[in-house]
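What TrEMBL annotates here:
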DOMAIN    1-92  domain 'EXPERA'
TRANSMEM  12-30  transmembrane segment
TRANSMEM  37-56  transmembrane segment
TRANSMEM  71-93  transmembrane segment
Amino acid sequence: SRSDDFTVAMETVTAWAWGPLSFLTFLAFLRHHPTRYILQLLVSLGQLYGDVLYFATEARAGWSHSDPRPLYFWGYFVGLNGVWVLVPVALLADACRQLATAQRALDRPRHKAH
């Protein structure tokens, strides 16, 4: 079916792109590599995009793959899956702050020594 094709395509991207990119981001932070916040931004944005697609697909299906009982729906489906939204949002905001700070430092006028 269409939704199965979507899931397979999305999980293929996750396995072959976001997984290795997440590992590279981890290594970049361990080594204090200059690209670490760029990688953090990319991985966080990719995760957030996947989350939006996940929730939007389920909403369009009328939440048919989720148990309708309130505790299960709000606690498990929304609550636990929500962590996968909140963490990337926090990391995305952190990366933006770090990159903006670095750009501000580069944009400051430099005084020539005489």
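Using N, Cα and C of the backbone, Cβ positions are placed for all residues, glycine too.
Automatic, uncurated: that is what TrEMBL annotation is.
Non-local neighbours of the transmembrane segment (12-30) in the same chain are 36, 39-40, 42-43, 46-47, 50; each lies 6+ residues outside the stretch with a CB under 8 Å from one of its CB atoms.
In the domain 'EXPERA' (1-92), helix, strand and coil residues by DSSP number 77 helix, 0 strand, 15 coil. Averaged over the domain 'EXPERA' (1-92), the predicted model has a pLDDT of 90.
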